[in-house]
Amino acid sequence: MRLWLRGLVYQARRSSWGVFRIHTQPPPPPIPEVVATWEAISLGKRPVPEYFNFAHDVLDVWSQLEKTGHRPPNPAFWWVNGSGTEVKWTFEELGKQSRKAANILEGACGLKPGDRLMLVLPRLPEWWLTIVACMRTGVVMIPGISQLTQKDLKYRLQAARVKSIITSDALAPHVDAISADCPSLQSRLLVSDTSRPGWINFRELLRVASPEHNCLRTRSGDSMAIYFTSGTTGTPKMVEHSQCSYGLGFVASGRRLMALTESDIFWNTTDTGWVKAAWTLFSAWANGACVFVHELPQVDAQTILNTLCRFPITTICCVPTLFRLLVQEDLTRYKFQCLRHCLAGGEALNSDVRDKWKNQTGLEIHEGYGQSETVLICGNFRGSTIKSGSMGKASPPYDVQIVDEEGNVLPPGKEGNIAIRIKPTRPFCLFNCYLDNPEKTAASEQGDFYITGDRAHMDEDGYFWFVGRNDDVINSSSYRIGPVEVESALAEHPAVLESAVVSSPDPIRGEVVKAFIVLSPAYVSHDPEALTRELQEHVKTVTAPYKYPRKVAFISELPKTVSGKILRSKLRNQEWGR
């Protein structure tokens with residue numbers, strides 16, 4: 001494996017080195033060997049390699065090329081905060097630090113291949129180090145957003161039988177409070193400049209850990225990552241990905257959608273707990289690009305725009321919600337010296353936002369669409385015609401179709417389920433399964449297809465046009481929110497007799513959580529405004545704050561089927577004027 005990737009990187013280095021030195025558009029770089037190999041795998045001309053490890057077969061090769069002067073002097077990782085502190089690592093330094101982190105996981109934490117480590121950290125350099133350390137050791141990483149509540153943490157630690165967790169001072173007390181209920185949890189890593197009883201201080205050990213470590217030889221199909229994803233019923237599901245699905249699957253998105261080369265500096269503003277953070281890591285580093293990170297304790301438009309002016313960022317990826325905030329500023333006041341490519345994903349982007357951004361910056365916004373279960377499904381690739389409002393065309397190796405409820409392919413113009421063909425050959429860059437949930441895994445397949453759960457139609461030119469979810473999941477500012485999670489939180493308040501939670505349109509967030517609530521008799525006469533605020537604050541204390549209902553309506557009864565099931569679809573259609 002290392003031989004063909006070595007060839008890929010030597011070829012990739014011949015691309016546009018002078019991106020900061022020339023002002024004309026450089027010629028398209030040659031397709032590197034990794035993309036050629038990936039395409040051969042997707043076409044069945046070359047089998048998926050038996051062994052693959054992204055840290056060993058990609059990152060360490062770039063490190064060797066740096067030593068021989070065959071890569072531009074860009075950092076591989078560049079972190080900044082609002083106080084002027086910066087951290088820069090070359091691929092060689094990234095390798096050294098991640099090997100030290102790997103020794104901590106194996107030594108102080110006692111983790112073995114296949115053990116599971118939960119990562120709940122804000123945008124700190126240690127998050128990226130630990131991700132690479134997991135690859136080197138065969139430890140399965142489980143990223144989580146930093147807004148998780150004590151209840152959320154407990155469920156995830158128990159469901160995934162997590163052996164160790166790495167987090168910061170903010171969440172450590174929550175972990176302490178529930179650790180007795182999580183028997184699988186054997187060690188706790190703290191990223192902090194201070195110590196805490198019962199915790200292993202990651203930074204202290206990193207300073208003295210050995211930089212020598214032998215990377216585990218992992219099989220392509222070995223488990224590499226687990227992501228919790230919200231659904232319409234019950235608790236979040238565990239999506240398992242392999243070394244190959246992410247390690248090789250994101251190479252193409254890095255080239256085709258993000259247009260990255262080893263001269264680029266790529267900034268994705270997403271939270272570390274979301275799958276898009278992994279998109280950045282694999283897409284950028286597979287193509288030798290630099291991953292840029294701003295700590296962003298609070299996301300605001302001015303910080304984003306000033307950062308784009310101050311640093312030589314060439315490519316940025318934001319959720320549409322953030323672009324909606326950015327275009328409300330006077331963008332002509334900001335001069336982006338190096339920015340040349342803009343990306344959006346996580347939800348549909350409004351055409352007016354794209355137009356405003358282009359009119360003031362001269363830059364297109366290229367949308368990409370994917371899921372926790374997949375890599376890039378379709379996108380508006382660089383160099384292709386953008387149809388405003390479309391998600392673009394299918395991304396190989398996926399054969400993407402629009403199908404009906406029986407799995408039959410529909411003609412252009414017909415609305416149906418977005419589906420990926422999995423027979424006769426399942427794409428290597430699709431998730432393995434929903435862990436411990438064979439029923440959910442089976443239900444996601446219909447005939448020859450994996451059903452995404454999203455609806456769209458495809459036009460005559462092969463462009464996909466998003467319609468919406470065919471279930472009740474709410475996508476607010478790219479946060480996926482299951483209605484049952486919010487309804488369960490509301491049910492813990494004595495004022496709530498029953499509730500139904502649906503999406504409601506919002507000009508900034510795209511959609512927000514709206515709760516229709518039937519009050520208990522004792523609360524019917526309460527002041528509705530005060531009760532709304534009380535219920536909103538209650539939800540924030542029970543589950544992650546981003547899930548709270550921004551809109552609340554008190555009604556006498558909920559619409560239901562004859563069997564008593566709540567008709568969320570009727571309420572949702574009412575909100576959206578359907």
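Each Cβ is built from the backbone N, Cα and C atoms, and glycine gets one as well.
Swiss-Prot annotations:
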type: TRANSIT; residues: 1-22; note: transit peptide
type: MOD_RES; residues: Lys96; note: N6-acetyllysine
type: MOD_RES; residues: Lys96; note: N6-succinyllysine
type: MOD_RES; residues: Lys151; note: N6-acetyllysine
type: BINDING; residues: 229-237, 367-372, Asp454, Arg469, Lys565; note: ATP binding site
type: MOD_RES; residues: Lys335; note: N6-acetyllysine
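Known features from Swiss-Prot, placed on the structure.
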residue: Lys96; record: N6-acetyllysine; contacts (Cβ under 8 Å, 6+ apart): Pro211
residue: Lys151; record: N6-acetyllysine; contacts (Cβ under 8 Å, 6+ apart): Val542, Thr543
residue: Thr229; record: ATP binding site; contacts (Cβ under 8 Å, 6+ apart): Pro236, Lys237, Val239, Gln371, Ser372, Glu373, Arg480
residue: Thr235; record: ATP binding site; contacts (Cβ under 8 Å, 6+ apart): Tyr155, Ala159, Val484, Glu485
residue: Lys335; record: N6-acetyllysine; contacts (Cβ under 8 Å, 6+ apart): Cys309
residue: Glu367; record: ATP binding site; contacts (Cβ under 8 Å, 6+ apart): Leu343, Ala344, Gly345, Leu349, Gly379, Asn380, Ser390, Met391, Gly392
residue: Gly370; record: ATP binding site; contacts (Cβ under 8 Å, 6+ apart): Ser253, Val275, Trp279, Gly345, Leu376, Ile377
residue: Asp454; record: ATP binding site; contacts (Cβ under 8 Å, 6+ apart): Gln371, Asn417, Ile418, Phe466, Val467, Gly468, Arg469, Asn470
Three states by DSSP: which one describes Thr229 (ATP binding site)? strand
Looking only at DSSP and grouping its letters into three states, which state does Gly370 (ATP binding site) belong to? strand
